[in-house]
Each structure stands twice: as C-alpha cells, then as structure tokens.
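Features as listed in Swiss-Prot:
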ACT_SITE  50  active site, nucleophile
BINDING   49, 50, 51, 52, 105, 110, 111, 112, 116  substrate binding site
BINDING   185, 186, 187, 188, 189, 190  NADP(+) binding site
SITE      95  site 'Important for activity'
C-alpha cells in the first residue's frame, strides 16, 4: 500500500479556486465512485471543507489524482497543478496527521477539522471506498492526533472560524445584546456561530435554511424565528448582521438585494459575513455604502492576532508529530509480521492441544500422573523445537552467522557463538 494525500487548501489556493473544487454533499457519493473507477486507485476518502479539498487514497500512481480532480470539476489541469500538492508515503501520513491535529488549519488548533475528517472517513467506509488498507491508517491517525492535541495543549480553549467570526462582529459592534442576527445555513459552522453569539448575549435570531427542520432545531436551541431560503428578501432588512454558511453552488445574495434592504433600513449599517465556499454573497455587495462584507479569506489577518500561545503549543505539537510518525512507521512495519505471528501461534497451540489430549487419555487409563506429565513435557518441548532445530542446523552448515545472531535475538539466548565449530 502507498498512502497518498493530494489536494489544495487556503495556503496554496485562493478562494475563487477552492470554491470550484469544493465538494457538495450531493456530489460526494458519485465523486467517490468515480474516483474508485480509476484502475490506479484502490481505496479513497475525500475531505472537503471551506478551507481545503483533499483526497486520501491508496495508489501507486498519484499523478492521476490531479488529472481526475481537474476533469471532474471541468478545470484546466495546468491551472489546477499550480495550487495542488501531493504527499506520498511517510510524508502523506505526516501531512494528514498535521491536518487532523489542527496544525494545518487557518485557525491553528481548531477542533472541527478532526470531526470533519472522521465524517469523511465514516462516509467512505459506508460507501465501501475505504477498506482494509486505509481503515487502520485512519484509525491510527485519529488516535495519534488526539494524543497530540492533549499533550501539546493546542486544543485547549478550542476556537474555530466560527468563533473568529463572532470576535470580528464584536470589533464592529460594541453591544451584542441589541443585535438582530440573520443566520443563513444550519450546518456545523452555522450552529457554532449561533452558539457563540448566544453565549455573548445575542437573543434576536432569524434562521433560514434549505432544510426547514434543521433551522427549527437551531431556533429551539437558541431562540429565534425560523425561515426558508425564499424568505430572505423579505427579512433581510431586519438584520444588523448576516452570516451565511450554506452549501449552495452559486451565490444567492446579490448587490440589488442588499441595496433594497439598506433602503428599507434607512441605510443603517449592515455587517455581512460569508463563511461559505463556494460563496453565498456576491463580492460586489461590498461596493455599497454602509455595508461591511467579509469572507473566509478576510478572516486570515484577524486569526493571526493573539495566536502566540497556540503557536508555542504548535511547536510542541510538531515535535509530537515526528514522534507519532516514527511510531506509525514501526507499527506499519510490524503489520508485515502479523500473519507470521498468527500462524506460528496457531501451530504451537495445535501441537500443545495434541499432546495435552494424549496425556489426558493416559491419565484416564490409570497411568501414573507424574510419569504422564514428564512425558508430556518432553514430547511437547521436542515437537516445539523440532523445526527450529532443523533450521538452525542448516544455517550453521551454511555458515550464516548473521542468521544465528538473529536466532539468538529471537530466542533470547546467550548460547555459544556457534552451534557447530567451523569445519576447515
């Protein structure tokens, strides 16, 4: 197996490129199936968030992944290759560990990425695109990333892009309590935004979602009025803050819609935060007076502030990554001995059972127990050592001192340096 991590993220690609390869939930099954149709790909999972799209797979031909990604999203291979990275083998494991631990996130140490990776893995398992090769790799990565976060402290007081969004609102509005917030979207990011805003004192929510049931759940938890996406034009003028985080493929809030809302508000300021990739709000909305529009890329400068403690924790986490990587390599190598160990143990167990049953029959027949046990012990030792003894004699005859040293190591013995004197 060759583990490969291939993709692009907020460090390598701007938002207008990332949104073109973002994986829509409705596309997930078909894309995974399409990926597994490639004869070069044995198993695969796809992770897609607002900041990254990554393919994790078992393949000996990683170059096909970029070609496939470009073809599926109708992009030029030459264009996409400028932003794409491919990590193989040990480097692929290291990259994935860094992603799962939050070290590669825009907000260093944010915990959501681990949950998102687990969801991508679980979905691939259900679909059957992750099987015996990738399953133990992912399970190791999940265990290791949890240890890294705990030991480094990088996961202490967890933050996320959603939390950064709330902090940005706090910089522009001094009083959370008086705000009317229009939340569009009911996914994980939207839920986190609602949670943090509610904790800061916001109680006036308008919540719209393509799935009305999901919006109702948020409204029940944090209070507020439940709306459909079609209600946005009517209720947009009531919002001081608009936070949109849907999975729509195209923008649905345009300049004219916001301009109309401003007129209804007598041009009172509006704060719009587009956390979606692809974007929900057209960029030219920012041309309007009294409108403050931000997207996920705009959060980067804010995220950099006040991160000293997390960066210190990240240094420790990087050291732990190297340690976990060494552990993984040793663990992965040990898998090669798994079948040998299993077969050897089964063989020894079978021999022991055969001799035990023979001894029990003799005892049942009235033979002296001490004599039977002595014979049982001798016969068992002879049978267990028969094949190794033949092998040791052969390698001694072949003058393979290296194999004899290995045998001494395996049998934990400090016997003579050679079983037989060299015949000159």
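Just so you know, glycine gets a Cβ as well, placed from its N, Cα and C.
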For the C-alpha pair, I'd like the distance in angstrom between residue 50 (active site, nucleophile) and residue 111 (substrate binding site), rounded off. 14
Of the binding-site residues 185, 186, 187, 188, 190, which one sits closest to residue 116 (substrate binding site) when you measure Cα to Cα? 188
Considering the binding-site residues 111, 185, 187, which residue's Cβ sits among the greatest number of other Cβ atoms within 10 Å? 185
Looking at the binding-site residues listed here (49, 51, 105, 111), whose Cα lies nearest to that of residue 185 (NADP(+) binding site)? 49
Using other CB atoms within 10 angstroms as the count, which residue among the binding-site residues 49, 116, 189 scores least? 116
Rounded inter-Cα distance in Å - residue 111 (substrate binding site), residue 188 (NADP(+) binding site): 12
To test your reading of the NADP(+) site: which residues beyond 185, 186, 187, 188, 189, 190, same chain only, put their Cβ within 8 Å of the Cβ centroid of those residues? 191, 192, 193, 245, 246
